[in-house]
Amino acid sequence: MENTTWMANYTGRSDFDLVGLFSQSKHPTLLCVVIFMAFLMALSGNTILIFLIHCDAHLHTPMYFFITQLSLMDVMYISVTVPKMLMDQVMGVNKISVPECGMQMFLYLTLVGSEFFLLAAMAYDRYVAICHPLRYPIFMNHRVCLLLVSSSWILGSVDGFMLTPVTMTFPFCSSREIHHFFCEVPAVMKLSCSDTSLYETLMYLCCVLMLLIPVTVISSSYSFILFTIHRMNSAEGRKKAFATCSSHMMVVILFYGAAVYTYMLPTSYHTPEKDMIVSVFYTILTPVLNPLIYSLRNKDVTRALKKMLNVGSVLQEPIK
């Protein structure tokens with residue numbers, strides 16, 4: 001009887017319908033313009049930051065190497081979700097095929113997972129720089145930096161390879177409406193006809209590990225950093241160390257807070273509207289804020305930007 005019911009509910013259609021942000025808004029056109037502007041800000045801000053770090057020799061340090069990778073990840077994962085959402089709104093289409101949905105899910109999980117571990121590597125870098133400044137060139141040499149960054153990318157891809165195939169092989173019922181603006185795992189899982197409780201438990205354990213390891217590294221690093229800052233005799237040194245660390249902590253709290261809500265809180269806390277708002281924080285808002293946080297609050301980056309603008313203005317001056 002159950003098999004007959006499942007066959008009656010199951011549909012072989014190959015497309016999903018993304019019921020996203022615009023369907024919930026009273027002013028979808030205005031919202032579309034705002035998101036488009038945010039996308040351009042994220043794209044231009046992160047690209048400029050990467051370009052500045054690449055061109056200025058004074059910024060060729062481990063910290064800025066990690067910031068370059070963070071900006072690259074931000075550019076990639078905002079590009080995975082937002083252009084599709086904006087194009088669908090402009091074209092009046094809200095469909096996404098199963099292969100496209102799977103690819104979007106895999107890229108998103110890989111990039112977000114990679115950023116989890118990269119933020120931990122950045123916290124460890126600040127710990128070594130502030131707590132062991134004399135040993136910093138040894139502990140954070142080029143080989144170690146490459147190892148930390150490549151490990152972040154690999155561990156993030158493991159998350160994508162584990163969750164995406166399992167999620168996309170579940171049978172889906174007659175309703176193909178994903179109440180989200182992209183193919184996020186919890187939103188897609190709600191369409192399944194089969195019992196997903198075991199998978200949801202395994203996914204929860206996976207996310208705990210994905211978050212527990214970086215959070216442990218970050219909290220340990222900043223505990224030692226705060227202790228070291230407290231013992232500093234120089235007020236200027238304390239101010240500089242605190243400014244650097246507070247920028248990183250702002251990013252960590254925003255990014256990890258949204259991830260904990262999405263993947264670790266029980267389903268009773270979730271509604272489609274809340275899930276989409278929280279997802280906006282780490283898919284759209286975080287990529288916009290990161291270059292602002294790491295540039296406006298950083299004298300080295302602002303100095304490099306002024307230098308680049310001054311060179312550009314000199315080149316544009318007419319020869320007398």
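Each residue, glycine too, has its Cβ placed from N, Cα and C.
Summarising the annotation, TrEMBL assigns transmembrane segment to 28-52, 64-86, 106-124, 144-163, 202-229, 241-264, 276-296. Residues or ranges marked as domain 'G-protein coupled receptors family 1 profile' in TrEMBL: 45-294.
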Quiz item: So what's near the transmembrane segment (202-229) in sequence-distant terms, Cβ-Cβ under 8 Å and 6+ beyond its ends?
Solution: 113, 116-117, 119-120, 123-124, 126-127, 130-131, 155, 159, 162-163, 185, 238, 241-242, 245, 249, 252, 256, 259-260, 263-264
Quiz prompt | Cβ-Cβ under 8 Å with the transmembrane segment (28-52): same-chain residues at least 6 beyond its ends | solution = 21-22, 59, 67-68, 71-72, 74-75, 78-79, 82-83, 85-86, 89-90, 284-285, 287-288, 290-292, 294-295, 301, 304-305, 308
Self-check item: Tertiary contacts of the transmembrane segment (64-86) (same chain, 6+ residues out, Cβ under 8 Å)
Solution: 18, 20-22, 32, 35-36, 39, 42-43, 46-47, 49-50, 53-54, 96, 104, 107-108, 111-112, 114-115, 118-119, 121-122, 125, 145, 148-149, 152, 181-182, 283-284, 286-287, 290-291, 294, 300
